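Asker: Per Swiss-Prot, the features are:
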BINDING   24, 86, 125, 455  (6S)-5-formyl-5,6,7,8-tetrahydrofolate binding site
DOMAIN    220-376  domain 'TrmE-type G'
BINDING   230-235, 249-255, 274-277  GTP binding site
BINDING   230, 249, 251, 254  K(+) binding site
BINDING   234, 255  Mg(2+) binding site
């Protein structure tokens, strides 16, 4: 890594006035740059892990920019294991931008996305699973997602991966010893090797089982509410969100565009799309809304087909069902205060049916239960989720599994020991990719490019 000193704003920049903003420096010149910018009244000592009070100034003109605090963390006792300085100034957009510009004028370089965490990884402060956990924690959209990400930051995924990799290394050492010193050692216990590989493979499979949960926690679900006009789609959205998110009237075609809202159900972030009522219409604007409704439903992870119990199942409902029946679908029978669900006839192939009285906020908890059952995540509880692997980690685990299967095949086919070692090394390399012990620069670039600038 180049011996440069980097700088970035570490707090969110929003148009509203914030109370505090943080600008972070890391690198060999962090302290010297900070001393160009920070004036401390009195005789405050520049010591590691101490907070100093003073004024931040332009390095060239000595014009005062802001009044604030400075936090000094000297290597190796810092996030990056380099000298780190943080300016804690007033929030908002102007003050932090001026402090950052002053850092750059004094010799710092603007940090790339994730560069602070990349340096922490390269300097041995974090392994790769912990670094990815940092990104997931920053981007978490639910408490469960945050807790699963925190488990990654704490190394709860890296620990079993390292243990499995070490077991593969131990097995490889046993096999290679027989290749190099066959006459000096007892015969290899092939049954024992097979049993060990099977156990490692099973453990990898158990870790892989968290991949779908991890994907749900990170990316969530998109749920589209569809149906004919005036069946209560917007009322359902408002009841679900507990606010007047969508306009509700008795006039068909009130909703002309897709209305979005964000919710969390059982720890899963959900984007809810309230769509325009789907019907044949000569109104050009409404027709655009109908087209967008179709597009939203086709791209959704789950469709809530909503019907009016007082009207019953119509030919239009049947057409909508046929259009979206290949997608995960829940039937919402709304307005059951007018006609009980038992009197409504609908296709028997629909497995999930929920009764609601959206105008009275009834049936929402049953709807959320049905959603969790549909995506098979009833057990998705933060307390039971030690970690949640991402797609990159899952791909590496699958590579390791395939390599172990090849070794087992070589044993079964009585192939020479040299064949065993090739795939054992493949499994070891794949597991090393997860923790970063065996990783390419291009993969690192791809991982850290999704970080925010100041992390």
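Cβ atoms are placed via backbone N, Cα and C, with glycine included.
Walk me through where these features lie, including what they touch and how far apart they are.
Answerer: In this structure, residue 24 ((6S)-5-formyl-5,6,7,8-tetrahydrofolate binding site) is part of a beta strand by DSSP.
Look at residue 230 (GTP binding site): DSSP puts it in coil. Cβ neighbours within 10 Å of residue 230 (GTP binding site), excluding its own Cβ and spanning all shown chains: 20.
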Asker: Find the shortest Cα-Cα separation between residue 86 ((6S)-5-formyl-5,6,7,8-tetrahydrofolate binding site) and the binding-site residues 230, 233, 234, and name the residue that gives it.
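Answerer: It is 234, whose Cα lies nearest.
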Asker: Tell me the Cβ neighbour count for residue 455 ((6S)-5-formyl-5,6,7,8-tetrahydrofolate binding site), meaning other Cβ atoms within 10 Å of its Cβ, over all protein chains shown.
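Answerer: Around residue 455 ((6S)-5-formyl-5,6,7,8-tetrahydrofolate binding site), other Cβ atoms within 10 Å: 22.
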Asker: On average, what pLDDT score does this prediction assign to the domain 'TrmE-type G' (220-376)?
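Answerer: Summing pLDDT over the domain 'TrmE-type G' (220-376) and dividing by its length gives 80.
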Asker: Going by Cα-Cα distance, which of the binding-site residues (24, 125, 455) sits nearest to residue 230 (GTP binding site)?
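Answerer: Going through 24, 125, 455 one by one, the closest to residue 230 (GTP binding site) is 455.
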Asker: List only the single closest residue to residue 234 (Mg(2+) binding site), chosen from the binding-site residues 24, 125, 455 by CA-CA distance.
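Answerer: Closest candidate to residue 234 (Mg(2+) binding site), judged by Cα separation, is 455.
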Asker: What is the total of other Cβ atoms whose distance to the Cβ of residue 24 ((6S)-5-formyl-5,6,7,8-tetrahydrofolate binding site) is within 10 Å?
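Answerer: So the Cβ neighbour count for residue 24 ((6S)-5-formyl-5,6,7,8-tetrahydrofolate binding site) comes to 24.
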Asker: For residue 234 (Mg(2+) binding site), what is the tally of other C-beta atoms lying within 10 angstroms of its C-beta?
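Answerer: Other Cβ atoms within 10 Å of residue 234 (Mg(2+) binding site): 24.
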